[in-house]
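In what follows, a structure is listed as structure tokens, so that the remarks can point back to it.
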Amino acid sequence: MLKVLIPTIMMFPTIWLTSPKWLWTTATTHSLLIAFVSLAWLGWMSEAGWTSSNTYLATDPLSAPLLVLSCWLLPLMILASQNHITPEPISRQRSYIMLLTSLQTFLVMAFGATEIILFYVMFETTLIPTLIIITRWGNQAERLNAGTYFLFYTLAGSLPLLVALLLLQQSTGTLSMLVLQYSQPMELNSWGHMIWWAGCLVAFLVKMPLYGVHLWLPKAHVEAPVAGSMVLAAVLLKLGGYGMMRMMIMLDPLSKELAYPFIILALWGIIMTGSICLRQTDLKSLIAYSSVSHMGLVAAGILVQTPWGFSGAIVLMVAHGLVSSALFCLANTAYERTHSRTMVLARGLQMVFPLAAVWWFIANLANLALPPLPNLMGELMIITTLFAWSPWTILITGLGTLITASYSLYMFLMSQRGPTPHHIMGLQPFHTREHLLLTMHLVPVILLVTKPELMWGWCN
């Protein structure tokens, strides 16, 4: 754990001491080295249980894939932001990269924490850099509104969790995941216990987000710069899923009855947000709503509480993290050239950028869960689990899959096919940097097809 955390912290002085000419090169190289070192975590999957570096930080097969995803994303965010941050003053460029690095530090500590209270503190701390990135480097004036939504939704959901954790500490005497994992199931039968159960999960359901408390997400995504959108879609939503998995182990007896309304809401959300996607005109907004739809499936898979559901949820979270981040990068490349996110105004780009159209095609196919990609594997495992829980869910999940395919096709056809508008003139060609960026997003997705047990080895 420390072999990744210490080099990440060492990036702070590096960023401030590097000469302006080499700033982006140094930051990208340093973060890439950290990303490659973090891949070693995937090799520890064969051991049962936790691999700890000290009392408070450890990895296990549930957190390792998400830790690697967090580390893998930092160089990609730096690569993606290069074009629109470079014209700014050098001190602002350094601040921007430092915020992204601090975000990775907090995420590594959140996913690696063995104490639930340390996880909670890091879970909340990730708000600060994300909020600054959205409100300082966002594109439109509404970014302050989006930041307010983001902050208050997350904080309002998280405060009951803090109270619930203090009550848990009082009743069990410990908040260590290593101990709570093997403790006796608690006697939970009163109304107070039911409210405590809801308090434990609401923060994570807001973060995921569950349909109904998802309004902050499209706003935050649309207003955030590309790195903000990438980290939100790829990692910050996964904090919610990860926290739910950790907490569900302790909430066992009550979850059988109390999870019903949340599962129904998650499944209904898949259809509703998918239908909203079909009506979107804004490219980033469409990708943001598709994230809500996918995370609804993940939430349902976790709440059913079976090994298959958990495995499917991890696989879908990792695959969705890479694919949605790639889609946001593609949307940003189109926006940087046409200066419009409205799909009607920036269409027919296949004739101008044929190779970029290939990236769009692969990313859209991955988003609609083409076999044999891990997206399909995760979705199938969750759909099977839900079918075993109640055969009626197949109607909703089947319709949801159909709508997902429809809006992915709609997004591809609207942005790439058709006549190129006359006002699109003199566009910059695609850079090698952007091709590298998309290769590093989509090649891991394709490689995971060959070794999927890296993501769900914990269940064997």
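Note that Cβ sites are derived from N, Cα and C of the backbone, with glycine treated the same way.
Remember, TrEMBL labels are computer predictions, not curated facts.
As annotated by TrEMBL, domain 'NADH:ubiquinone oxidoreductase chain 4 N-terminal' applies to 1-110.
The domain 'NADH:quinone oxidoreductase/Mrp antiporter transmembrane' feature in TrEMBL is assigned to 113-404.
The transmembrane segment feature in TrEMBL is assigned to 21-42 (among others).
Under the heading transmembrane segment, TrEMBL lists 62-81 (among others).
Outside the transmembrane segment (117-137), and at least 6 residues removed from its termini, the chain residues within Cβ reach (under 8 Å) are 56, 85, 96, 99-100, 102-103, 106-107, 109-110, 143-144, 146-147, 150-151, 154-155, 158, 161-162, 165, 169, 175, 203, 207, 220, 223-225, 227-228, 231-232, 236, 239, 243, 246. Per TrEMBL, the feature transmembrane segment maps to 117-137 (among others).
When Cβ-Cβ distances below 8 Å are used as the criterion, the transmembrane segment (149-168) is approached by residues 116-117, 120, 123-124, 127, 130-131, 134, 175, 196, 198-200, 202-207, 209, 213, 215-216, 219-220, 250 of the same chain, each at least six residues removed from its ends. Annotated transmembrane segment per TrEMBL: 149-168 (among others), in sequence order.
Same-chain residues lying 6 or more positions outside the transmembrane segment (194-217) and placing a CB less than 8 Å from one of its CB atoms are 123, 146, 149-150, 152-154, 156-158, 160-161, 163-165, 167-168, 188, 232, 236-237, 239-241, 243-244, 247, 250-251, 254-255, 258, 262, 265-266, 268-270, 272-273, 288, 291-292, 295-296, 298-299. The feature transmembrane segment is assigned by TrEMBL to 194-217 (among others).
Counting residues 6+ beyond its ends, the transmembrane segment (224-243) has Cβ neighbours under 8 Å at 62-63, 66, 69-70, 73, 76-78, 80-81, 84, 96, 100, 103, 107, 110-111, 119, 123, 126, 130, 133-134, 137-139, 143, 146, 203-209, 217, 284, 287-288, 291, 295, 298-299, 302, 313, 317, 320-322, 324-325, 328-329, 332 in the same chain. As annotated by TrEMBL, transmembrane segment applies to 224-243 (among others).
The annotation transmembrane segment is assigned in TrEMBL to 258-279 (among others).
For 286-304 (among others), the entry in TrEMBL reads transmembrane segment. For the transmembrane segment (286-304), the residues of the chain that approach it from at least six positions outside its boundaries are 205, 208-211, 214, 217-218, 221-222, 229, 233, 237, 240-241, 244-245, 248, 255, 259, 262-263, 266-267, 269-270, 273-274, 276-277, 280, 310, 312-313, 316-317, 320, 324, 327-328, 331, 343, 367, 378-379, 381-383, 385-386, 389, 393, 397, 400, 403-404, 407-408, 411, judged by C-beta separation under 8 angstroms.
Residues annotated as transmembrane segment in TrEMBL: 310-331 (among others).
Per TrEMBL, transmembrane segment is recorded for 352-370 (among others).
With a cut-off of 8 Å between Cβ atoms, the residues of this chain six or more beyond the transmembrane segment (390-413) that come close are 267-268, 270-271, 274-275, 277-278, 283, 286-287, 290, 293-294, 297, 300, 343, 360-361, 364-365, 367-369, 379, 382-383. Summarising the annotation, TrEMBL assigns transmembrane segment to 390-413 (among others).
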Same-chain residues at least 6 beyond the ends of the transmembrane segment (258-279) whose Cβ lies under 8 Å from its Cβ atoms: 194, 197-198, 201, 205, 210-212, 214, 286, 289-290, 292-293, 296-297, 299-300, 303-305, 386, 389, 393, 396-397, 399-400, 403-404, 406-407, 410-411
If I take every residue in the domain 'NADH:ubiquinone oxidoreductase chain 4 N-terminal' (1-110) and average their pLDDT values, what number comes out? 90
Take the transmembrane segment (352-370) and find every residue of the same chain, 6 or more past its ends, with a Cβ under 8 Å from one of its Cβ atoms. 290, 319, 323-324, 326-327, 330, 333, 376, 379, 401, 404-405, 408-409, 411-412, 415-416, 420, 424, 427, 429-430, 434-435, 438, 441-442, 445
DSSP puts the residues of the domain 'NADH:ubiquinone oxidoreductase chain 4 N-terminal' (1-110) at 86 helix, 5 strand, 19 coil
